[in-house]
């Protein structure tokens, strides 16, 4: 019998108990942790390659997050009945885990590391994202890899003016905030949130609250590490060649500084490439055996130093702006003739062409996940083609980054979207990034707000987004508004804020260094507010409120109510009636259990015809009313006449004419149209009709 020795740590976290266990499962991995929060359990494994591949100039960290349907007691759909490619939710959670752990690996570490998180049990009330992040932090902490953790994680809600630690799924429905914050003992590293237009101070308070509360997570992981950690890897950061650093500085510093005063991105990149090539040629001429990878790395470090030192010294930014300035804006709405709504939003060298398409409830996205089934009426898709940065590349299914940016923009807009009762349409927005030089996701937020208004979607108010950056050297720091791509790459923080004039709807923060304190975040939020209001003012000049009507090319949804008992009549046997209705009128018809009927069509006449026919089908037969009917069957004792769709009545032979009728066929033929009067509807729903009573009465003869 194999002897196993589990090491377990448990602690209370909000209203849930968190358990971390190692030593039983997946013992051949460098580290494996079974992490549980309530009944939601994930298995996290970490494996790192012991040797670095020659020639590699990046850190190959891979995070794979996978939700197994057996965790929820389900069998996968589809022909093969097994899990397939990652869903959007799995991709987003993988990114959520990756972002805070990546900066905790030391510079120069380039060994391949793979983290696999497998959801093996799920409580529909407890989302696996936070416990997956906690489990990943614990597994990395005990793996022996050079990881500067552990990392703490907390979800924060905000209900009735109070912060809530680790709210469950039901509690989040009534919460004005859904915020996840991750950080080390002394610093916040990542924030991801969605909010109902909350003030800056409430958002900042949520970040601080979450960071304070997650210290219990860090303590528990440290205890686990003390008992279960593998031996630390014998890895040391590569030592820089001081002579080579000095030579590169002499060769390229002045030229690099000059290149970074070129404001046009493509021209600047070309000149930076020229400077680097010249430096490499000079160094290789001096020493043909020089390590090109090392030279490239040192040139990159010099590039970073040149840009950062200028900003810290108070010099103008790369494109000549002051720290709090927003690039020039160009905003247009209604730029495409046949789309339901469109906008072109340009900020400096970043541009988004955004379209809005309206559809019926049938067009909504139906999602079946391990957390349950739900429907998305509002979809936002972000595309980043290679031409947007002047490159060639693969065009196909969306990458992780595109999915993540689309979701961030969705969070920024979702708080102002109308309810289904206010606007019974499904809405799909697509943001095509046509130019990119920093903060394309926030350009998507601005463009989406404009396109929705152009489409006539009654959003509550305009929404704008802005990306903030940071350069910090020692105690000196500069917060930058509307960062360029270079400032994002070479800076210490990417801080994206979307919101209205009243508050923040989405906040995403990724920090690459330790030491970001409350003061810096406060300054960034205040600066972001000023930039956001400036952008909103420009947007409102293009279109300040939603159009009064939707596009002529959009389907118009007309709603009517019928008796719920009549739904089966509208559907017909095997769906024949509703199928004929939709095909013959060219409309889309949706029925709800409460008797609500939604008819969608871009053609008003088609809608009217569909309404008329549905009203006919669902109309009640009224005693005493005269109908234009059609003979459908003749029998010896009379004729059956259709007076409404699906409703026949009997004209008895005695009710066909005033005179005595011997043979019904002498008076009536199948298909003949006749006027009939409803005489009676019995308890069984049988209708008695009369042609005699429907005929005009002869005028009384005058008295003699």
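The backbone N, Cα and C atoms fix where each Cβ goes, and this holds for glycine too.
Under the heading Mg(2+) binding site, Swiss-Prot lists 488, 494, citing sequence analysis as support. In three-state terms derived from DSSP, residue 488 (Mg(2+) binding site) belongs to a helical segment.
The feature domain 'KH' is assigned by Swiss-Prot to 555-614.
The domain 'S1 motif' annotation in Swiss-Prot covers 624-692, and the record cites sequence analysis as its basis.
Per-residue pLDDT, averaged along the domain 'KH' (555-614), amounts to 90 for this model.
Annotation for the binding-site residues 488, 494: lowest Cβ count within 10 Å of the residue's own Cβ, 488. The DSSP breakdown of the domain 'KH' (555-614) into helical (H, G, I), extended (E, B) and coil residues amounts to 32 helix, 16 strand, 12 coil. DSSP assigns residue 494 (Mg(2+) binding site) to a strand segment in the three-state reduction.
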